[in-house]
Amino acid sequence: MKRNIVIINLVAAFLWMSMYSYVPTLPAYATSLGATAAVVGAIGGAYGVMQIALRVPLGIISDKIGKDKFLLLIGFVILAVSGLMFIVAKDTFWVMMARGVGGAAAAWWVVICASYSKYNEEDKQVKAQGLLNASSNMGKVVAALAGGLLAQAFGLHAPFYFAFLVALVGIGCIMMFKTPKEEQKIVPPGGRELAALMKNKHLIVFSILAVFSQLLCFALPSYFTSVAAQNLGADSSQLGFLMVVYFLVTSISSLFVGTKLYKKIGGIKCIAVSFAIGAFSCLPMFYHMDITAIYVMQALSGICYGITCGALAGFVIKAVEPRYRSTATGILQSIFAIGIFLGPVIVGNVIEAASIDAAYWVIFTLTAAAAVLSLLLIPKEYDKM
């Protein structure tokens with residue numbers, strides 16, 4: 001149903017629009033409450049922990065009950081609660097708790113991805129996941145722009161109100177979702193089948209590579225690059241524009257996945273080159289130049305994130321039978337949430353123990369390793385998907 005395809009794309013945009021409206025200024029806000037670099041990293045890590053815990057169960061539940069509209073509503077209610085918690089939080093502990101609840105809402109991305117796959121033709125699944133990622137990233141673009149401008153005009157607390165209101169708009173959008181008269185009957189995997197999925201080598205390879213993609217995103221562009229920009233004198237609106245650049249490029253890059261040129265080059269090579277570009281964006285010398293250089297590095301990171309996320313998500317959809325897709329997507333997202341957790345935690349602690357340059361070199365090394373692993377581990381049969 002075309003109507004539901006449009007609605008799910010809008011829901012994807014609103015989910016991340018709410019979630020990312022305060023991300024550009026969250027490190028500055030936490031610092032204003034007395035947070036150290038390690039505490040800022042822990043706040044980022046709290047977001048990942050909830051996703052590690054929830055995404056596989058949500059994938060199984062999505063397969064089992066098949067009530068897309070109901071599940072999406074629950075996710076957006078949690079999203080709204082997270083926004084309210086940020087509004088009333090007065091210290092770093094409650095900021096961390098609010099971010100953790102936001103992570104719980106972000107876990108609903110597995111429900112969105114699985115629902116979306118039901119309304120797209122089989123031979124267009126990889127391209128469809130790229131389009132869905134593009135929609136989500138456009139939501140992040142609007143979020144970063146609005147959040148940065150609101151923080152500049154009304155203070156660092158203002159983006160939290162925007163996040164709450166967008167969650168309410170998302171709930172209204174979900175209410176327009178039309179449940180099919182004959183919903184697809186999907187039998188979720190039992191214990192043995194779930195164990196077999198967990199041993200699916202292709203699924204595990206794609207999930208591990210996705211860890212590196214998320215680790216880069218949440219270590220630098222989404223958190224600590226704003227610290228580097230602040231050190232160069234960036235204000236709140238410039239911090240917001242950092243994320244606008246990042247997610248705009250990410251969104252455009254996502255649309256490249258599944259195109260004729262993408263298939264001509266080969267998906268494996270595209271992923272490897274994207275990781276190499278991401279590694280280049282981690283070279284610390286660029287973060288001591290000026291704000292323009294940091295914008296360029298954000299754009300390069302966005303290319304890496306957009307292509308690797310869209311391609312790997314599409315590969316997972318193709319790697320399993322249709323009735324296992326929600327669960328497989330949950331496994332992918334639960335595993336890659338390890339990167340969401342580790343990224344800011346690693347960087348925060350390396351900064352405290354050594355320096356911000358050392359932290360950038362650590363992420364450079366890990367992302368460069370991912371480029372090599374992509375060429376070595378991804379089965380050749382996925383090259384033209």
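Cβ coordinates come from backbone N, Cα and C, glycine included.
Predicted automatically and left uncurated, TrEMBL annotations should be read as such.
Quick look at what TrEMBL annotates:
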type	residues	note
DOMAIN	1-382	domain 'Major facilitator superfamily (MFS) profile'
TRANSMEM	5-23	transmembrane segment
TRANSMEM	29-49	transmembrane segment
TRANSMEM	70-88	transmembrane segment
TRANSMEM	94-116	transmembrane segment
TRANSMEM	137-154	transmembrane segment
TRANSMEM	160-177	transmembrane segment
TRANSMEM	203-224	transmembrane segment
TRANSMEM	239-258	transmembrane segment
TRANSMEM	270-287	transmembrane segment
TRANSMEM	293-317	transmembrane segment
TRANSMEM	329-347	transmembrane segment
TRANSMEM	359-378	transmembrane segment
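Within the chain, the transmembrane segment (137-154) has long-range Cβ neighbours (under 8 A, six or more residues past its boundaries) at 12-25, 161-162, 166, 235-244, 246-248, 250-251, 254, 306. The stretches the transmembrane segment (160-177) and the transmembrane segment (5-23) meet in space: the count of Cβ pairs below 8 angstroms, excluding pairs fewer than 6 apart in sequence, reaches at least three. Remark: the transmembrane segment (70-88) makes no contact with the transmembrane segment (29-49), by the rule of 3 or more CB pairs under 8 A.
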